[in-house]
Structures are given as structure tokens and as C-alpha cells.
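To start, the structure under review is shown below, and the notes come after it.
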Amino acid sequence: MSSESSKKRKPKVIRSDGAPAEGKRNRSDTEQEGKYYSEEAEVDLRDPGRDYELYKYTCQELQRLMAEIQDLKSRGGKDVAIEIEERRIQSCVHFMTLKKLNRLAHIRLKKGRDQTHEAKQKVDAYHLQLQNLLYEVMHLQKEITKCLEFKSKHEEIDLVSLEEFYKEAPPDISKAEVTMGDPHQQTLARLDWELEQRKRLAEKYRECLSNKEKILKEIEVKKEYLSSLQPRLNSIMQASLPVQEYLFMPFDQAHKQYETARHLPPPLYVLFVQATAYGQACDKTLSVAIEGSVDEAKALFKPPEDSQDDESDSDAEEEQTTKRRRPTLGVQLDDKRKEMLKRHPLSVMLDLKCKDDSVLHLTFYYLMNLNIMTVKAKVTTAMELITPISAGDLLSPDSVLSCLYPGDHGKKTPNPANQYQFDKVGILTLSDYVLELGHPYLWVQKLGGLHFPKEQPQQTVIADHSLSASHMETTMKLLKTRVQSRLALHKQFASLEHGIVPVTSDCQYLFPAKVVSRLVKWVTVAHEDYMELHFTKDIVDAGLAGDTNLYYMALIERGTAKLQAAVVLNPGYSSIPPVFQLCLNWKGEKTNSNDDNIRAMEGEVNVCYKELCGPWPSHQLLTNQLQRLCVLLDVYLETESHDDSVEGPKEFPQEKMCLRLFRGPSRMKPFKYNHPQGFFSHR
């Protein structure tokens, strides 16, 4: 490469007028080529620094000569041409020097590139050798790791300890004088002893198998004998069915129930056993039954069968699944929610009969993954009831059992561990699913023997029979009381919507014979509307207006006076009395905030409610309170002082007998009715 490039770079000769041209023309080409090639050798001998100084000196001389030529040309004269020619010759010599320096610089550049290329090739060769060596090192390290990780099969055998080996092994195997000092021989001896022991155990195993076969044959013979007895026993049971029905002793049906109960989950099983025992011992009207698919319940406890066909076809199934579209995240969450909220196939039904032939149907479910129980309720009556508009929520499955115990509204899960499970599948609260799954009341968990301590949450809760038995009787009585109370309210609301306040004969003595004020309106009120009423602020601030309560509005009129009564009916009625808030529209608007007598009227029905309870179980409390409000409105209007400036008779003449019309600076009216005297007095 260097020779070819040097041939192309032939130096050009600049001729001057003063130099002899003929001599230069006669030089041979070989001499010129020799001079050209000598420059490559000259590069190694010359100092680049000195060439650089020569280059600067030559450039300065050229500048000087050019300046002198310019100066001579500007002056003019006869001798100027000769001087200019001399300087021109000197300039040509300097140009030749510059061209030579330029050629030397190019030759140095080429040599530098060639040296760099050779050094780069050496570096690449060394780098390749390094990569090969690193690969060899990595390969050797892998082989070393495999050697270190190698485990012999005898290492997986659990050999007896050394003490036991030397104690039990015979001398011809243990060879203590040889094996004590040689670990290798010691291991071989222990393996020989292990082999000897396994041979003995294998012989013993064969003997046991032969004994097992003999016992199995005996069992088969006995099974054949017992199976021959089964048809006879069935015929005897069928023949005894009429006797069982006649004596009201359904042993066959009970036996089937007990067989089905074996497949119940522990909480439902505890409920079934305790409810059946309570019904037999204390309440004959309680009937217990099991519903659902027994086959599905059996399938839950059946272990999965391992088949070789499934393993052989796994590759084909995997290939098919890869071609299917992967379900979206929303579909996966829905499937996880359904799996988490899955109920057990079997459920327990309790039918609780009341005095008026009404029946409370309770269906108990068990949520397997959440480990809680739920219940759905339904009330049926002997005669079809005409449901008033205001009684729509009294017997609804969503509210009929609400707050059977104080604060137990059944909208939250009683198991603290469920909240962590809900977070994984995106469930905010269980209240969104209670209509489908049922309500997880606390008393339902206790009937199933489940108790979830909040202070120290337990990972697994076991059903406890004693817990269920301790709450069974109290809960059944509360359920009966709740149904009877709701049915009584149902009948009363039918009369109230027609403007009739039903007062039983047992409670007539609580009121005067003549009551002029009358009920004209009885409607249900939404919880939000009740919260917005201006005269119910005290109840709302006191925290008595919960969303589990029922709200109603009563309107009582007499003449131009209209009394509004906002009623809060607790689910625990009648053990918890209703709360009334009053607003009288007559000569302005009067509430407990601006009229002490209105506050006193509220106290008569809210505080002194025990006087109005009537005979147990106090189902007439609400109607007696409404009737008392009518009487109180009569007293309020009749005892109001007459304005002398208004002509004509008094709008509400006094018909009630009062010992004293007013008392104290607040002019309180006599609202207490005294029986049997029939007059009103102050408290």
C-alpha cells in the first residue's frame, strides 16, 4: 500500500527562468523514483520538530520576499527587474521546500495510521483471547458447581445414628476396629446394615399382607351376610310406617334428616342439633329441616382423583389454552368475588309458629370462604293480610329481623378477617350483597356456635355447641315477640291510614270518654326527609335517628289547629318505645323550642310512656300514644285563654274538667289524666 501510494505522489518540478531547464529534462525517471522513495526513509531520520521550525522559517521568508517584490514593483526602475527575478528564484526554492515538507507530513500521517491500525488489530486479537479465556473460566466454574452440588443416592437415605448402629448391628457388619477410623468404610457398613434391616422389614411386610388378605376375606363374608339382612330390614321399616304416622313418631323421616345432617358444615350442624334439641325439649311448634343438594355437599369433601391421562394430555390442553383469549381483569375479579361469596349447597330451615298461626320461616346459609352464617326471613299468616301503604317495611325480609339485639343491623360482616379478603377482590362492604346472600346478624353466628373476638382476631373459629345452646332460647323468644309485634303494627296501621286510632277495651280507662281531636293522616316518611324537618333537630342531635329505624308522620286536627307528630319507630318496638316530636300550627307555629307546653306534651308520650303500655306484651303502645296526643291537643286548645278583643264565642270551649288551668310562670297546662275521677291535673 505504501509503495503504490508513493508512486502516485510524484513530485512536480517548478522551473524558473534563470535555472537551466535542459539539465532537468535530461534526468532519468529512475533517478526521480529513487529520490521519491528515499523520502520515506528520510522521514524516520528527520525530526518532526525541526521540520516544523523549518516550515515556520520558510513561511516567514516567503512573506518577506513577497513584501520586497511588492515594494520593488511599486518603486519601478531599470535594475528592479533583476532584483525581482532573484527574489522570485529564492521564492521558488522556498516553495520547493514547503512541498517537500508537505510530502513528509503526509508520509508521517500514513505511517501513523498504519501503526494505529496494526495496534488496533493486536488489541482486537488480545480482546478475543480474553473473551475465550473468560468463557473457559465460566465453563469451568459451572462444572465445579455441578461437582459441588452432586449428591449421591446414599445421602438421601436416613441412616440410623452411630450409637444405635454400633449397638444393634452384628460385629460382622459393624467391624468396629476398621470402621471407627475410616469414614468411608463406616458409611459402607451402615449401608449394609440398612440393607439388612430393609430385607427383614420386607419379609415382615409380606407376612402382614397375607394376614390382611385373610381378614379382608372374612370381612367380605360378613358383608354378604349383612347385605342379605338389608332387604328384610327395609320391609320391616315399610311395614312400620303406618304405626309411626299413627303414633306421631316419624323415625324414618328423622333418620333421613340425621343422615343428611352428616354433610352439613360445622356451624350449620351445630344449629341443626341445638335447634332440634330445643324444639323437642321446649317448643314443639319449632320445626327444623335441611334443604339443598346432598350430592353437591358430598362433592365438596371428595378428594380430587389423580389420573395419568390428565398428565399425558397436559401438553395438548396447554396448547389449547394459549390459543384462547385471556379473560379481562374485570371478569377475573367477578369470578373471584363469586367464589369468595359462595354458599354451602345445604341450608337449615327453621319454621317458628306463633299464637295467631303465623309462621316465621328462617333459612340459614353458610359462606364457606368467609366462615360466617347468614339468614333470610319470611313471614306467612293464616289469612292473607291487606298490606297498608305505611306497613310496607314492617314484614319485609330486609328489616323484619333488624336489630333483634341492640345494634345488630346485619349489614356488616362479623368476622374481622373478611375485610382483608374483600380488599383482594375489590369488595367495599358486604351490605351490597345481603339481599342475595342474607344478613350476617351476630345472633345468627352465635346460634351456629361462632364467636369472633374483635380484640384478638383468631385465624380459625371453631363452632361451639355451648355458645349456641346458651343463646337458643332467648333468641327464639325474641323472634316470636318480633313477629307478633310486627303483625300487631300491621293491623294497627290499616286503621290509622283510615283515620281511626284503635284502642282496645283493656286500655279505654286511660282516656276520657270524649275525645274531639282526630287523626286525619298517617304516612311513612323517608329517613332523609325526617332529618330535614326543622322540629326534629333534637332527636337527630341525640343520635336517635338511625337509618335502621322506621319513620312516620301523623297529622291530628281539631278545627283550625293542626298538630304534626314525627314518629321514630325503633325495630325493637314495643320493648323500645316510639319517640314523638311535635309541631302545632295554630296562631303561628309552635314547637318545643318556643312553647313549653309543646315540650310537656312530648314528655307525656315519650317520658310517661309506661302508663300507656297496657297489658303485656304492650303491642298497643303506639296507638295509645296517638290517642294520648289527641287528648293532649284537646286540653291544650280548651285551656287556652280567650282573647277579649275578639267578638263571638270561644273557638274551643272547655269540655275537660281541670283542677287548675295554669301553673307557674311558664303557665303550664294540666296534661295528666286521673282515672277514674276523670279530671286533668299537673304533674
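Each residue, glycine too, has its Cβ placed from N, Cα and C.
As annotated by Swiss-Prot, region 'Disordered' applies to 1-42, 301-336. As annotated by Swiss-Prot, region 'Interaction with CSF1R' applies to 2-144. Sequence annotations record features per position, and here Swiss-Prot assigns region 'Interaction with THOC7' to 2-199. The N-acetylserine feature in Swiss-Prot is assigned to S2. Under the heading coiled coil, Swiss-Prot lists 81-247. The SUMO2 cross-link feature in Swiss-Prot is assigned to K153. The annotation phosphotyrosine is assigned in Swiss-Prot to Y225. The region 'Tandem RWD domains' feature in Swiss-Prot is assigned to 247-683; the stated evidence is experimental evidence. What Swiss-Prot lists as compositional bias 'Acidic residues' is 306-319. Here Swiss-Prot flags T328 as phosphothreonine, drawing on a large-scale study or a structure entry.
A helical conformation is recorded for Y225 (phosphotyrosine) in the three-state DSSP classification. Rounded to a whole value, the Cα-Cα separation of the residue listed as 'SUMO2 cross-link' and Y225 (phosphotyrosine) is 51 Å. Here the coiled coil (81-247) returns a mean pLDDT of 88 for the predicted model.
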